[in-house]
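Colleague: Per TrEMBL, the features are:
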DOMAIN    13-200  domain 'MHYT'
TRANSMEM  15-37  transmembrane segment
TRANSMEM  49-73  transmembrane segment
TRANSMEM  79-106  transmembrane segment
TRANSMEM  113-132  transmembrane segment
TRANSMEM  147-166  transmembrane segment
TRANSMEM  178-197  transmembrane segment
TRANSMEM  217-238  transmembrane segment
DOMAIN    249-320  domain 'PAS'
Amino acid sequence: MIFEIYQCIVIEHDYRLVILAAMISLFASYTTMSLLQRAKEAEESARKHWGLLTAISAGSGVWATHFVAMIAYDPGMPVAFDVILTVLSVLVAIVVCGAGFAIWVLFRGILPLIIAGTVVGSGIASMHWVGMDAVRLQGTIHYDQPYLLLAVFLGVGFSSLTLYAMKSFNRQRYLLRGSFLFMAAICTLHFTAMTAVNVTYDPTVSVPTYAVPKVYIVLGVTLAAGLLLALTLASALIDRHMAKRFQEEARYLRDIVDAGTEGIVLLDDKGRILAANGPFLRLVGRRHQVIQGLMFKHCFRNLELDEDLLEAAEDSIERQAVAIHADGSERSVQVALNLQHGLAATSIVALVTAAT
């Protein structure tokens, strides 16, 4: 069986176009994994955007790989393609693969991973079958069922392994591993399925006049997919660069804030602590994980705050209080609360300084 697949690739295909198809597949896979990584890391409001780009990248990559490889295939007679089915095949790939990636992004656990891998693999297979239906030649096509089943199994299996590898993408090697596995899902499914193809010449079959010659298909597919993948990859890289820059700036600002002597605390409208800087944490002797969600006034003795904290903070609040350390020691401080309109609408900034 392996020999037959090898023979199909080497004898029945133009190796130059096979190499081109493999390069397109690898580029598309890396782009897709980069976008998938971004979708997983993004805030909920931005996930739809990155999820859509992931689906487009995956679908167009599978589609381009298939049709370039189909151009490489030589059945011994002229081949053309139905335009409508050719366009439909890329839409099928985008929708089905996108649904599979969405399952993986939104749900955790081994079962969602298997389901997602199955859906993605089915998307690759569905695109292949619709793409094969688009083939127009002077003959009939028959398939060997065992090779078709093996093709689907390989596509689903490698797609699941791709998502499993991408579970831990904190390092670059996981991104590369996922890219090569997704490339394997695309290529093994296609060439195994092509091994199942048997073409019988039939002089009674005529190629429709509306079918597009394969030379135009390969040019159009390569250019369109290359441009699309380049744009999506550039989008992912630019966004990642901006996110990294924002994190560095945020860390720099946090270091500046922590280097001071004034405690800075971010509160919600109920007076609960959302975040605090280093000086305040040292003042009360607690870690950030412990203090988050705690009522601000419980860190002090005799700190009275208005019930409607938001309204009171509009005019600024200043109080004398005694800060209580975790070890029981106390220190007199001055507390000033202000409503900061530059932050979230319900956020209040508290400044805690040593009493003079």
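For all residues, glycine too, the Cβ spot is worked out from N, Cα and C.
Structural setting of the listed features?
Modeller: Sequence-distant neighbours of the transmembrane segment (49-73) (same chain, 6+ residues past either end, Cβ-Cβ under 8 Å): 12-18, 20-22, 24-25, 27-29, 31-32, 35-36, 38-39, 42, 79, 81, 86, 89-95, 97-99, 101-102, 105, 120, 123-124, 127-128, 131, 135, 182, 186-187, 190-191, 194, 214-215, 217-218, 221-222, 224-226, 228-229, 232-233, 235-236.
Long-range contacts of the transmembrane segment (79-106) within the same chain, counting only residues at least 6 positions beyond its ends with a Cβ under 8 Å from a Cβ of the stretch, are 36, 39-40, 47, 51-52, 54-56, 58-60, 62-63, 66-67, 70, 73, 112-113, 115-124, 126-127, 130-131, 133-137, 159, 163, 166, 207-208, 210-214, 217.
If you look at the transmembrane segment (147-166), the same-chain residues 6 or more away from its ends with a CB under 8 A from one of its CBs are 1, 4-5, 33, 36-37, 40, 100, 104, 113-114, 116-118, 120-122, 124-125, 128, 174-175, 177-178, 181-182, 184-186, 188-190, 192-193, 195-196.
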Colleague: Report, as numbers and ranges, which residues of the same chain sit near the transmembrane segment (178-197): CB under 8 Å and 6 or more residues beyond its ends.
Modeller: 4-5, 8-9, 12-13, 21-22, 25-26, 28-30, 32-33, 36, 58, 61-62, 65-66, 69, 73, 75, 120-121, 124-125, 128, 132, 141-148, 150-152, 154-155, 157-159, 161-163, 165-166, 169
Colleague: Tell me, roughly as an integer, the mean pLDDT over the domain 'PAS' (249-320).
Modeller: 79
